[in-house]
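As structure tokens, the structure follows; a few thoughts come after it.
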Amino acid sequence: LRGLRGGASRQAPHPIEALQVPGRWWVAGMLVLTPATVALARVGFDVPVPHALLAVALSFVLCLISCRVTGETDVSPVGALGQVTQLTYGVLLPGDVKANLATAGITVNAASSSADLLTDLKAGHLLGANPRRVFVAQLLGCVVGALVVVPLFYLLVPEPSVLGSERFPAPAATVTAGVARVLASGLGAVSADLRTAMAWAALAAAVLTLGEQALPERFRRWTPSAVGVGLACLLPASTCLGFF
């Protein structure tokens with residue numbers, strides 16, 4: 001966050017700064033896209049403005065988690081992160097399935113895109129590419145992708161009812177919709193044993209994360225990764241074994 005402020009130093013700019021992505025670009029993008037996202041959520045999905053703003057803020061946190069998990073495991077936990085948002089809005093807006101799905105879409109797409117684009121930047125770094133030019137190429141790709149993907153989606157899926165059918169199984173979308181329906185009645189829809197498991201998991205994650213920072217350097221390598229353990233609880237055993 002300190003790097004976003006920029007311009008605080010009066011010293012001559014370092015030559016490497018001409019290759020990096022300026023923090024003001026990120027700020028400008030947030031100033032333009034945040035109102036657009038909130039307006040789309042309000043007009044298209046009837047999400048209250050404060051809750052839409054909260055979804056944007058939550059995206060920032062989930063993006064950090066997604067990037068770290070992807071960096072450690074090469075797997076983006078978009079499904080699990082989407083369910084975090086769904087659980088949050090199941091409490092804030094109980095019974096509003098449409099808002100639940102819309103806010104999950106905001107956070108999941110932001111988290112997934114951030115991890116994917118960071119992977120591109122890493123590949124570019126290994127190949128000696130200019131980070132700023134890679135970032136500009138990503139922006140152009142987002143524009144072209146939006147112009148192409150949206151019409152193609154409506155062409156292939158003329159009716160939403162076909163999603164989940166034999167032709168378009170869409171397993172991830174089916175799970176997301178199912179979670180939204182379960183949470184439509186609020187946190188009470190989650191069983192007591194599951195709530196207990198969630199509390200213990202949150203405590204374990206906090207202990208592992210803080211312990212990693214508090215332990216001496218020689219012991220940190222033996223500290224289990226909280227995100228790695230959590231991801232292993234979600235992926236099938238065949239995928240986990242495939243890492244070896």
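Here the Cβ of each residue, glycine as well, is placed from N, Cα and C on the backbone.
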Could you check which of 168-191, 192-215 is flagged in TrEMBL as transmembrane segment?
168-191
Tertiary contacts of the transmembrane segment (52-71) (same chain, 6+ residues out, Cβ under 8 Å):
34, 37-38, 41-42, 77-78, 81, 84-85, 88-89, 92, 102-103, 106-108, 110-112, 114-115, 118-119, 227-228, 231
